[in-house]
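Listed in TrEMBL:
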- 69-87: transmembrane segment (TRANSMEM)
- 99-119: transmembrane segment (TRANSMEM)
- 162-182: transmembrane segment (TRANSMEM)
- 203-224: transmembrane segment (TRANSMEM)
- 230-249: transmembrane segment (TRANSMEM)
- 261-277: transmembrane segment (TRANSMEM)
- 289-306: transmembrane segment (TRANSMEM)
Amino acid sequence: MSSTVQGPGPLDAVDIQPACLGLYCGKTLLFKNGSSEIYGECGVCPRGQRTNAQKYCQPCTESPELYDWLYLGFMAMLPLVLHWFFIEWYSGKKSSSALFQHITALFECTMAAIITLLVSDPVGVLYIRSCRVLMLSDWYTMLYNPSPDYVTTVHCTHEAVYPLYTIVFVYYAFCLVLMMLLRPLLVKKIACGLGKSDRFKSIYAALYFFPILTVLQAVGGGLLYYAFPYIILVLSLVTLAVYMSASEIENCYDLLVRKKRLIVLFSHWLLHAYGIVSISRVDRLEHDLPLLALVPTPALFYLFTAKFTEPSRILSEGANGH
């Protein structure tokens, strides 16, 4: 059975079907001839479409908002940051291969992001079309399949936030493929300072955290979408404090004596700025940009108060078991 809509005027619409039940069920366009549109039965919308207020499936033709791009950037940064962490963890202080592995991980993730955009709709351009995220339930349409008679379930599960949900999985898949193609050859060639058992540990770690990230996106994608700015700020503040205390940085001289410490500091400042921009969404540019002046505040606060806490004394007492 189908429904027919005649003309653009609101009084000309005729629907001979019962109303669509469920939050995400809609009627798919079957045929269009001029002002006449014929829609199918109420059901699941095709990929790349979502229901409108009138319960008709409409193609996703909008451009992602700044916040959507920031969310995708956050999900893209997660494997890169984990790569860098485990490379640094297993490479050792005297290993000269860490820098090359860091660069390779950055290359892998960058290429994976570019390829993911190129294979997404529209294919072949660094651009995607999307549906606007309206509420948290848009990420979990499988929980809103209606049961009109409390016996039969009408399955209307589809990607209402197209493509923000599935594009992350595609990106992780390309990251994993590129890592398996490039990293083992690089590590085998340049990681001569490491033992055979330690040489590939950073790669083994990735084989663990990629499935974890995939499950995290599958289960908590919607929650991460709304919470990621605060996650970035909290984690960047905690990791910066831990790093500066573990490195026994108590004044500006300790911070400037090594280039690596400055790199870590500026990296955390970038994360601070990323989180601030994500929270403010830069809706009002003249009011939100001054917030970026707060980026150095945590590091300055740490340096001004380090003399009262003496992290070096705490670390020495912890090492001695006191």
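Note that Cβ sites are derived from N, Cα and C of the backbone, with glycine treated the same way.
Proximity of the transmembrane segment (69-87) to the transmembrane segment (289-306) is not established, fewer than 3 Cβ-Cβ distances being under 8 Å for residue pairs spaced 6 or more apart. Spatially, the transmembrane segment (289-306) is not adjacent to the transmembrane segment (203-224); fewer than three Cβ-Cβ distances between them are under 8 Å for residues at least 6 apart in sequence. Residues 76, 79-80, 83-84, 87-88, 91, 125-128, 167, 170-171, 174-175, 178-179, 182-183, 186-187, 190-191, 202 of the same chain, all 6+ positions outside the transmembrane segment (99-119), place their C-beta atoms under 8 angstroms from a C-beta of that stretch.
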